[in-house]
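What follows is a set of notes on a single structure, which appears directly below.
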């Protein structure tokens with residue numbers, strides 16, 4: 001039986017093997033939208049594979065079902081994880097459908113690590129490729145992600161797979177963003193840190209010389225964040241409302257980059273306030289915008305354009321914008337510079 005201890009009973013027989021181990025005994029009508037593996041029935045094995053990414057069973061087609069891992073970065077061999085490995089479910093942990101474990105980093109396979117053009121980010125090339133960061137705390141994981149150990153020049157280095165379905169920043173990197181402005185040794189103010197999933201990877205990227213100030217308002221997520229920070233000396237957790245930067249001004253020094261993923265209607269203002277307090281002139285910002293959080297009635301494109309206009313008024317000069325398809329719907333990432341020095 002799979003990890004969660006229940007087994008949704010659909011109509012008809014036919015035992016499908018869902019990714020994360022939901023045995024989905026349903027036949028016929030495919031796995032529910034939540035992506036419990038659809039049975040062997042005619043249905044779309046696992047209806048889009050659900051963003052939870054427990055891959056559809058051996059059923060036909062469905063965007064995440066039997067027909068091979070979808071578009072994502074690490075899909076399983078035979079009907080692997082949801083829209084490409086493992087969606088938010090965490091790197092397709094269960095063996096996807098018929099195939100082997102989604103991810104292809106089973107022992108014995110030769111995995112080579114290449115540096116990504118963003119310093120501190122790497123690509124693991126194996127049976128399937130994945131985005132990885134060098135683990136700051138070897139031997140421990142943060143949210144159940146896969147770890148890969150590679151031996152170079154006699155020393156073992158451990159990397160953690162960075163899942164674009166769980167992290168907006170990873171989605172932006174895989175989407176081809178030009179700059180993330182977080183080289184090793186830089187100081188980053190991270191607004192909307194949640195449980196510390198992405199924060200842990202930023203901590204990997206900036207490395208032992210860098211610092212991540214992680215601001216999160218929710219006490220529930222804050223507890224997880226503090227637990228992540230206990231092991232990672234370069235994360236400073238701040239459980240405070242990002243709307244009131246003066247409350248944590250004693251904790252935060254000047255930073256090189258602000259990353260914001262706050263999903264609030266006034267997030268442009270939140271970033272501007274924090275930039276005025278902590279961002280050095282010529283420093284950069286990376287903002288993840290969720291259109292439906294700002295105006296759920298307008299077209300996403302119109303929302304993004306309006307936000308960019310607001311930023312310009314606050315001396316935040318956007319330099320690039322890209323949407324996060326296929327990893328997130330109606331999300332965009334805007335990267336830019338704060339108070340750029342006048343051109344000579």
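Here the Cβ of each residue, glycine as well, is placed from N, Cα and C on the backbone.
Sequence annotations record features per position, and here Swiss-Prot assigns region 'Disordered' to 1-113.
Swiss-Prot lists 8-107 with the feature compositional bias 'Gly residues'.
Swiss-Prot lists 9 (among others) with the feature asymmetric dimethylarginine.
The asymmetric dimethylarginine annotation in Swiss-Prot covers 25 (among others).
Sequence annotations record features per position, and here Swiss-Prot assigns asymmetric dimethylarginine to 40 (among others).
Swiss-Prot lists 42 (among others) with the feature asymmetric dimethylarginine, giving similarity to another entry as the kind of evidence.
Feature annotation from Swiss-Prot assigns asymmetric dimethylarginine to 51 (among others).
Residues or ranges marked as asymmetric dimethylarginine by Swiss-Prot on the basis of similarity to another entry: 58 (among others).
Sequence annotations record features per position, and here Swiss-Prot assigns asymmetric dimethylarginine to 63 (among others).
Per Swiss-Prot, asymmetric dimethylarginine is recorded for 71 (among others).
As annotated by Swiss-Prot, asymmetric dimethylarginine applies to 77 (among others).
The asymmetric dimethylarginine annotation in Swiss-Prot covers 83 (among others) and rests on similarity to another entry.
According to Swiss-Prot, the feature asymmetric dimethylarginine maps to 88 (among others).
The asymmetric dimethylarginine annotation in Swiss-Prot covers 93 (among others).
Feature annotation from Swiss-Prot assigns S-adenosyl-L-methionine binding site to 197, 198, 216, 217, 241, 242, 261, 262, 263, 264. Around residue 241 (S-adenosyl-L-methionine binding site), the C-beta neighbours below 8 angstroms that are at least 6 residues distant in the chain are 217, 247.
For residue 263 (S-adenosyl-L-methionine binding site), applying a Cβ distance below 8 Å and a minimum sequence separation of six or more within one chain yields 192, 290, 293. Every protein chain shown contributes to the tally, and the Cβ of residue 216 (S-adenosyl-L-methionine binding site) ends up with 27 other Cβ atoms within 10 Å. When secondary structure is read from DSSP and collapsed to three states, residue 197 (S-adenosyl-L-methionine binding site) falls in the helix class.
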